[in-house]
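Novice: One structure follows; several queries about it will come next.
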Amino acid sequence: MLGLPYNHTTEAPATFILVGIPGLQSSHLWLAVSLSIMYTTALLANTLIVTIIWMDSTLQEPMYCFLCVLAAVDMVMASSVVPNMVSIFSSGDNTISFNACFTQMYLVHAATAVESGLLLAMAFDRYVAICKPLHYKRILTHRVMLEMTVIISIRATVFMTPLSWMVSHLPFCGSNVVLHSYCEHIAVAKLACADPRPSSLYSLIVSSIIVGSDVAFIAASYILILQAVFSLSSKNAQLKALSTCGSHVGVMALYYLPGMASIYVAWLGEDVAPLCTQVLLADLYLIIPPSLNPIIYGLRTKQIRKRTWGLLIHYLFNHSNLGSGIQALEQTRQLQRLPS
C-alpha cells in the first residue's frame, strides 16, 4: 500500500485553492469571527495552563505534566489550521502552497495522534493514583513520564508520516481546488489523477487502530478505577475520586466522539452527510477541544483553579498598587511645582 508506483508525468501544482465550507460562503464572515474568538480563547487558556504548571513547583506531578504537554499539543493543532481558515473566511485569501499544504496535513494528523496517546497516559496516571496510591511515585517517575511522552511522539511519527508521503506523491494533473477549509487528506487526495483509495484506506485503518486501542485501554483503566472507587467505605473519598476523574472523562468524550464521527463521515461521503456538514464537523473538531480542554481542567481541577485565581488576583493587586503609586508620585511632583 505504501509503494504504489504512481507515474509522475505531470508537475505538481504550485498552490492549492481552499474553498472554505462549500455551500456556506454567505456565513464565512460569522465563521471567521467565531473561529477567531475560539482560537484566542485556546491560545490564552492553554498558555495560562502551561505557565501555571511550569511556574508552580507543587504542580510537578505526572498528571499536571501530561496536562502541560496536552496544552502545548492543542496549541500546535489549532495553530496549524485556524489562522489559515480565518484568512479564508474573512478576506478570501484561499491559496496555500503545495509544501505548506502537506506540512499542515502532517501537523494535524500527528497532533491528533499525540493527543490520543496523552489521554491514554493520563488515564493510566489516574489508574495508578487511585488503584495503587502507595506505589504512585515509584511507578510514575519522571523518567517513566519522559519515556511515555517519547513513545507517544514516535508512534505518531511512524504512523502519520506514510500518510502524508502517500498523498503528496500522488500525481495532480487536474483541478487544484480543494473542497475544504484546510488540507484535509481525503479532500486533497480526491484531486489526484490516480486512485486515492489506498491513502484513504490507510488513514481509516491507522486511525481506527490508534483510537480503538487507546479507547480500549482507557475504558479498562476507568472500569478498574470505578471498581476501586465504589469499594471505598467513605462517601467523601468516593466523591473526591470521581471528581478527580470527571475532567478527564469530559475531555476524552469531547475529543473522541466528534473525532471519530468526522473520520467516518468523511470516509462514507455525501451519502451520510452533505459536504458542508462534513467540512464544518472537521473544522470544529480541530478548534473546540483546544478551546474547551483548559477550561474543563481549570474548572474541574481544584489545584489549577486555585493557582489560576491566585495568579490573577496577584497580577490585578500589583497592577492596582502600581497605578496608585504612579498617581501619588505625579501628585507629589505637581505639589512641588507650586510656589511657596
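Cβ coordinates are placed from backbone N, Cα and C, and glycine is handled just like the others.
Take a look at what TrEMBL says about it:
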type: TRANSMEM; residues: 29-52; note: transmembrane segment
type: DOMAIN; residues: 45-297; note: domain 'G-protein coupled receptors family 1 profile'
type: TRANSMEM; residues: 64-86; note: transmembrane segment
type: TRANSMEM; residues: 106-124; note: transmembrane segment
type: TRANSMEM; residues: 144-167; note: transmembrane segment
type: TRANSMEM; residues: 201-225; note: transmembrane segment
type: TRANSMEM; residues: 246-267; note: transmembrane segment
type: TRANSMEM; residues: 279-299; note: transmembrane segment
Novice: Does the transmembrane segment (106-124) reach the transmembrane segment (29-52), going by 3 or more CB pairs under 8 Å (6 or more apart in sequence)?
Specialist: no
Novice: Top stretch among 144-167, 246-267, 279-299 for CB pairs under 8 A with the transmembrane segment (201-225)?
Specialist: 246-267
Novice: Quick test of the contact rule: Cβ under 8 Å, at least six residues beyond the ends. What residues does that give for the transmembrane segment (64-86)?
Specialist: 18, 20, 31-32, 35-36, 38-39, 42-43, 46-47, 49-50, 53-54, 96, 104, 107-108, 111-112, 114-115, 118-119, 121-122, 125, 145, 149, 181-182, 283, 286-287, 289-291, 293-294, 297, 303-304
Novice: Which listed stretch (144-167, 246-267, 279-299) has the most C-beta pairs under 8 A with the transmembrane segment (29-52)?
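Specialist: Highest pair count goes to 279-299.
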Novice: What is the pLDDT of the domain 'G-protein coupled receptors family 1 profile' (45-297) when averaged and given as a whole number?
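Specialist: Over the domain 'G-protein coupled receptors family 1 profile' (45-297), the predicted model scores a mean pLDDT of 85.
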